[in-house]
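Okay, structure first, notes after.
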Amino acid sequence: MVPVSLGCAMQSPWQLVSGGVTSPQGFQASGIAAGLKPSGKLDMALLLAPEQAVCAGSFTTSVVRAACVDLCAERLAANGGQARAVLINSGQANACTGDRGLIDSQRATQALADQLGLDAEALLICSTGVIGVPIPMPKLLAGLDPLVAALSATGGEAAATAILTTDLVSKQVALEAELGGRRVRIGGIAKGSGMIHPDMATMLGFFSCDAGLDPSIWKAMVGQAVQRSFNAITVDGDTSTNDTVLAFAAGDPLDSVHHAALEQGLTEAMQHLAKAIARDGEGATCLIEVQVEGALDEPSAQRVARTIVGSSLVKTAVHGRDPNWGRIVAAAGRSGVPFDPEQVALWIGPHQLMQSGQPLSFDPEAASRVLRSETVQIRIQLGDGPGNGLAWGCDLSDQYVRINADYTT
């Protein structure tokens, strides 16, 4: 598990525990090497939810979408927000593959349904890898039997590894809280390293929860949590064809008085993995966290934060350990969010660099040392409005260029 702080503003009842996506009661997962990757690494994963599970999804905003994305969205809509499992293959995006892409996704879920004894319409599929490359179906189909056989309540780690592409590390999380006199758990796994940008980009995230909820309530919770996590990260500003978040919930009903706490836990879990993705950005040496305060509203604050953390000039300044506050303010100014420049205050770590829109005297060497941290915190105050927002990214290094010059997307 990547050690990323949850960074919650309010007191949280949620605590980190072990177990990842199979930590919640009743969930099983597996990950195997089916030969989809030339490297021989794990490349196929399965997450199975208990009966009566509800599921909510969030999908890429790109108009160029893999067939599996549309299949997931259509099945969730047709089933009223219910699903039992998701199959994930790594190595081939199965995007821009014509009619074959949809046919292969349907064949894969039907074959898996036969293995599990379930209706194919209750199964989802996600693919990640090289765009334009179809799934090698004979290998995938041959891998279903051992994949199902490997399902277990301890299979979350194997699943977390099997979904990776250019990631340096696997990413998983599990949280636990006492709600209504009983233990509730939330688990998750994710992948993503490059082509990460707000509005869900080249990343996959899968979550589980052992509380029973109405599908519409769960869908609203997932939407809010995604907006404050995966839609608040950027590595390189590129958006993908396959990015998907799927969140399953199944268990004893949870009283509505605890729904806010559950949404808080789901947000914390997603933020944990979102920051892990940003920290694992291709060629990255640090995580950048931008906090915006005093905006007109939360969406405005988030937009400014995302613009700053996505600025190539800001990212390269951080990599060069250069406390160049002008790049930060300039990025905020082009965000499209109205604010009064004469009210701006700016901090890098504990060092205040601006007040009332004017530069302050500061120790550049001390500020530069802050930029050498594993997590670089930038805070900007736009005014006295109620809107606050967070976004995460990473620095931009020459290693990023080398990685993407050598790897076919």
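Using N, Cα and C of the backbone, Cβ positions are placed for all residues, glycine too.
The annotation substrate binding site is assigned in Swiss-Prot to THR165, LYS191, THR202, GLU282, ASN404, THR409. Within the same chain, the residues at least 6 positions away from LYS191 (substrate binding site) whose Cβ sits under 8 Å from its Cβ are SER90, THR128, ALA160, ILE163, LEU164, THR165, ASP167, SER170, LYS171, MET203, LEU204, ILE277, listed in sequence order.
The active site, nucleophile annotation in Swiss-Prot covers THR202 and is backed by sequence analysis.
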In three-state DSSP terms, the structure that LYS191 (substrate binding site) belongs to: strand
Neighbour tally for THR165 (substrate binding site), based on other Cβ positions within 10 Å of its Cβ: 21
